[in-house]
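The active site, proton acceptor feature in TrEMBL is assigned to Glu104. Taken from TrEMBL, the feature active site, S-methylcysteine intermediate applies to Cys346. The [4Fe-4S] cluster binding site annotation in TrEMBL covers Cys126, Cys130, Cys133. The S-adenosyl-L-methionine binding site annotation in TrEMBL covers Gly173, Glu174, Ser205, Ser228, Leu229, Asn230, Asn304. Among the features that TrEMBL reports, domain 'Radical SAM core' is placed at 112-341.
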Amino acid sequence: MTHDSLGEIQTGKIPLKGRTLPELSEIVVSLGEKPFRAKQIYHGLYVNRYESWDQFTTFSKALREKLEEQCSLTRLHTIKHLKSVDGTQKFTFASEPENGKEFEAVWIPSGDGGRKTICISSQVGCTLNCKFCATAKLEFQGNLKAHEIVDQVLQVEKTVGDRATNIVFMGMGEPFHNYFNVIRAASILHDPDALNLGARRITISTSGVVNGIRRFIENKEPYNFAISLNHPDRDGRREIMDIEEKFTLPELLQAAKDFTRELKRRITFEYVMIPGVNMGKQNADKLVKIARSLDCKINVIPLNTEFFGWRRPTPDEVREFISLLEPAGIPILNRRSPGKDIFGACGMLASKS
Ligand code: SF4
């Protein structure tokens, strides 16, 4: 067994998925083939979505046999597939079913059928401990490789027989704790020669990993960017998100401001509403103050889990909280929580898994 540059354990075969085109060219040339074969393989994997060498019918039989012998085209296995009454579908995947490392993705069609979102995972479990999140209760089992991230999209789309309009990195894991693989996967999703999704249709969301945000700004990543904020002051945030111990709210907000100023793009704040914890007039006023200080919008999400005796806010409480945020003069979206019956809603991934 050896480890290759992507950190994959392999049995002698070179894994080709999750590679950029220049990397594929290098591999193809090292196998004694012409560089143009790389583009054909890349196109076959991400445009034609082939899963075995037999499907590369434009290649000679001899070449197919050579590639079969020397290179692998790994794909995810679907361990479980649940459908909600509201059209949401949750998938539990594994790269190798026998190793027990399972992770989830969710297909979320909008009610009118216009927007079709896939929420994907970047890690198996999570090292952070956001108190409202079911993933936090799992044992952390590692980062996903780029191809395991991209393949969630390919496998979901294959099963539902449709294409996503939007991808959000809001499933299991903290994306900026797996920066390299997340950005590599996003670039394959975005590449016009691969899945060809617009950069603004791909959203990467962090719980507040400030050094990751700095890297994102420095690299001028073109993707949408969201911060899971959930409380407007330090002490309150520390109670529900342990990331606050490492990166404080003032540092986080400074990085958010730098993002909007340097990349000239709006940021999205995600705010899980927990009655008695982060709602009410005082918190709303602080949140309005934050919102006025930079170019942002806020997505509010009613709590979906029931840890610590917390409960979901009533529709009236949600309406009232939103009305308290109106003075901010910014877009505020009440994110519906589809897929609750299949534990596929926000914060629920891995619960009842
Ligand atoms: S909300 Fe995200 S960052 Fe926080 S514990 Fe859950 S998966 Fe990890």
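Using the three backbone atoms N, Cα and C, a Cβ is placed for every residue, glycine included.
Here the features listed in TrEMBL are placed on the structure.
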residue : record                                     : contacts (Cβ under 8 Å, 6+ apart)
Cys126  : [4Fe-4S] cluster binding site              : Cys133, Thr135, Ala136, Leu138, Phe140, Met172, Gly173, Glu174, His177
Cys130  : [4Fe-4S] cluster binding site              : Ala136, Ser207, Ser228, Asn230, Ile240, Met241, Asp242, Ile243, Gly347
Ser205  : S-adenosyl-L-methionine binding site       : Val168, Phe169, Met170, Pro175, Phe225, Ala226, Ile227, Ser228, Thr268, Glu270
Leu229  : S-adenosyl-L-methionine binding site       : Gly208, Arg237, Phe269, Glu270, Tyr271, Leu287, Ile290
Cys346  : active site, S-methylcysteine intermediate : Met170, Val272, Ile301, Asn304, Arg335, Ser337
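Other residues of the same chain near the [4Fe-4S] cluster site, with their Cβ within 8 Å of the Cβ centroid of Cys126, Cys130, Cys133, are Leu128, Asn129, Phe132, Ala134, Thr135, Ala136, Glu174, Ser207, Gly347. Among the binding-site residues Cys126, Ser205, Asn230, the residues whose Cβ sits under 6 Å from any atom of ligand 1 are Cys126. Here the Cβ of the residue listed as 'active site, proton acceptor' has 25 other Cβ atoms within 10 Å, regardless of which shown protein chain they belong to. A 10 Å cutoff on Cβ-Cβ distances gives Gly173 (S-adenosyl-L-methionine binding site) a total of 27 other Cβ atoms nearby, all chains included. For the domain 'Radical SAM core' (112-341), the model gives a mean pLDDT of 95. Of all the binding-site residues listed (Asn230, Asn304), Asn230 sits in the most crowded Cβ setting, with the most other Cβ atoms within 10 Å.
Every protein chain considered, the tally of other Cβ atoms within 10 Å of the Cβ of Cys133 ([4Fe-4S] cluster binding site) stands at 26. Among the residues Gly173, Glu174, Ser205, Ser228, Leu229, Asn230, Asn304 said to bind S-adenosyl-L-methionine, no two Cα atoms are farther apart than 19 Å. A simple way to gauge crowding: the CB of Glu174 (S-adenosyl-L-methionine binding site) has 25 other CB atoms within 10 angstroms, across all the protein chains here.
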